[in-house]
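Straight from Swiss-Prot, the features:
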type    : residues              : note
BINDING : 12-19, 59-63, 121-124 : GTP binding site
DOMAIN  : 4-171                 : domain 'Era-type G'
DOMAIN  : 202-280               : domain 'KH type-2'
REGION  : 12-19                 : region 'G1'
REGION  : 38-42                 : region 'G2'
REGION  : 59-62                 : region 'G3'
REGION  : 121-124               : region 'G4'
Amino acid sequence: MSYKSGFVSIVGRPNVGKSTLLNQVVGTKIAIMSDKPQTTRNKIRAVLTSEKGQIIFIDTPGVQKPRNKLGEFMLKQALTSLDEVDVLLYVVEANSPIGPQENYLLKTLAEVKTPIILVVNKIDVVKMIEAQTLARQIESRLKVAKTYYISALNGTGVSELVEGIFELLPEGPPYYPEGQVTDYPERFIIAEYIREQILHLTREEIPHSVAVVVEEIKPRENSNTVYVSAVIYVERESQKGIIIGKNGQMLKEIGQRARLEIERLLGSNIYLDLWVKVKEDWRNKDVWIRNFGFTEFE
């Protein structure tokens, strides 16, 4: 049996389950998950290696009209290189009708030459006939190589999807060593874990006004504890107060929850030191967008 390998980009509207699917496929938590749109800001690269070959997945930010320079960056991240990967996974929600954002995405994908697999997600919350009706509507407007019905949350249909991806990949060597599941640095993943807890614990404009920068990861001498220092950046003083909370309780809760995730990642005890700082209107300033890590890791 020939060994296959290639790159697969996951595209779709915000909050359709792209990150959940990515984590389900590789069997570990690479991308953070939240019920809020635009959780994913960078392309997240994850690797699945099996006897059949190797798939490098790229989970892109959800496609929607940008509202600021950060939004423009995220849209560019989502749409660039669509013709440079081997397969596109176009993820839609089984329980959502086609709307303006989906129409925009359909028009964009219609111009792409890369083979497209339609992935109808969240079949656990609708009747199959509804999911199939949505799929037929999309297939009438877009050339689709294969269609799969899945639940990224509980794993239904995911193994069949992976088999379908391998069928479309070319023969090739492994790009990453066996056992490696991502090529993103630890600092990036730790920052994402902290941001995930902010997404879960805060409301309104706070989640999308936040950037997290990990400044230091250092094992403590004569101890099995790793010291991690990170700064949470917001755009206004009022947001800083919300993140810190009354008597520091919100920041403490964010830190406690994030620490558990980071300890699982690093396999050791963690002392997490969190700070909150203000950078006014950073989402509209190119220099801060770059400084906060919103660039491709090459």
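From the backbone N, Cα and C atoms, a Cβ is placed for every residue, glycine too.
Tertiary proximity for the region 'G4' (121-124) is limited to same-chain residues at least six positions away from its ends with a CB under 8 Å from its CB atoms, namely 16-17, 21, 91-95, 131, 149-154, 156-157. Note on the binding-site residues Asn15, Thr60: the fewest other CB atoms within 10 A surround the CB of Asn15.
Taking H, G and I as helix, E and B as strand and the rest as coil, DSSP gives the region 'G1' (12-19) the counts 2 helix, 1 strand, 5 coil. Cβ neighbour count for Lys18 (GTP binding site) (all protein chains, 10 Å cutoff from its Cβ): 29. A C-beta separation below 8 Å, combined with a sequence spacing of at least six in one chain, links Ile123 (GTP binding site) to Ala94, Ala131, Tyr149, Ile150, Ser151, Thr156, Gly157. In the predicted model, residues of the domain 'KH type-2' (202-280) average a pLDDT of 90.
Reduced to three states, the DSSP call for Ile123 (GTP binding site) is helix. Counting residues of the domain 'KH type-2' (202-280) by DSSP class, helix then strand then coil, yields 32 helix, 29 strand, 18 coil.
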